[in-house]
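Database features, via TrEMBL:
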- 355: active site (ACT_SITE)
- 358: active site (ACT_SITE)
- 152, 154, 165, 213, 216, 248: FAD binding site (BINDING)
- 56-61: disulfide bond (DISULFID)
- 355-358: disulfide bond (DISULFID)
């Protein structure tokens, strides 16, 4: 993949260099820190759009509770913390990961973590919330350790997975009545070329489509890169599956479609990069802490995050979102609102994903992109933030911050 990206003054090679040598190593380090590795998610919400066709029946998708004997002592010991070292013993965690099957969401948490979350929640509540996240307070919402639950191929595919992507493309991308062909680029086409039609759309609607396509490419790419290659004697071996990658992205196998999908992934990267550079003033204020209760670690995490912001600002070929929603005020406002509603709908469709691991990463990346869009549409509010008090006009919750960093890391 080479050359310039459409709708940006940017080329693939510059992004690769910038990401590989500057950004990625730092983002990886940041994702391993406590503040960013725990994400609260409700995997039990019912699908709001169609009767659930049953969860993925493959064992790799199931959330298997850990057998009693494998649960780390610190958790069984209730509130006593004297076993917390044992609770964090990585050997036990590995056994637990093994026991909970390949695709299970590993919900093992040490006691210390549980206490820290109560503390974080209190801290979050003391800030002014910009928007209430749908299921933060639901008894079904649980913290998940993202490092123990990597995004990878679980075997979830077929009609159920197809239906999720299909409804994302068909019902949530702007589609003029004159286009009869399906919007889903994977669907067989009839009549008008899909891309001829896409070029005819206004910038905003093209951007929306490309972001969804980029998200789709990102998820597919991680499935190919971390694929179940073989399972001998119950010991799974994960790794890159070049054949699967070729099937999804090679020009010959995809009728020239693959490189476009990958270009949309770069486009998604640029949009999230732009959001990170725009939100820097929010975090540069002393009043914003990445609070976990461990002062030393919190300060280090914040220093690393600010360092990443400095790098994002040094990149010279950002996507310029000023060209979006720049038409007449009334038209721009209604388009922006339409954008928001379409996006909200997509985040609700993620509750229809039948595999818990896939649902976890789908929800996380959708929320990360939603947070990036919220930042790009709030530039004035971010610029006029008060230095020493929680902000009234613009606010990010811990959930949004964690989702933004991890989605960009993906």
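Backbone N, Cα and C define each Cβ position, glycine as well.
Keep in mind that TrEMBL annotations are predicted by a computer and have not been checked by a curator.
The binding-site residues listed here are 154, 213; among them, 213 has the most other Cβ atoms within 10 Å of its own Cβ. Checking each of the binding-site residues (152, 154, 165, 213, 216, 248) against residue 358 (active site), the C-alpha distance stays within 10 Å for 152, 154. Rounded to a whole value, the Cα-Cα separation of residue 152 (FAD binding site) and residue 355 (active site) is 12 Å.
Among the binding-site residues 154, 216, 248, the residue whose Cα lies closest in space to that of residue 355 (active site) is 154. Among the record's FAD binders, 152, 154, 165, 213, 216, 248, no two C-alpha atoms are more than 21 Å apart, and one pair sits at exactly that spread.
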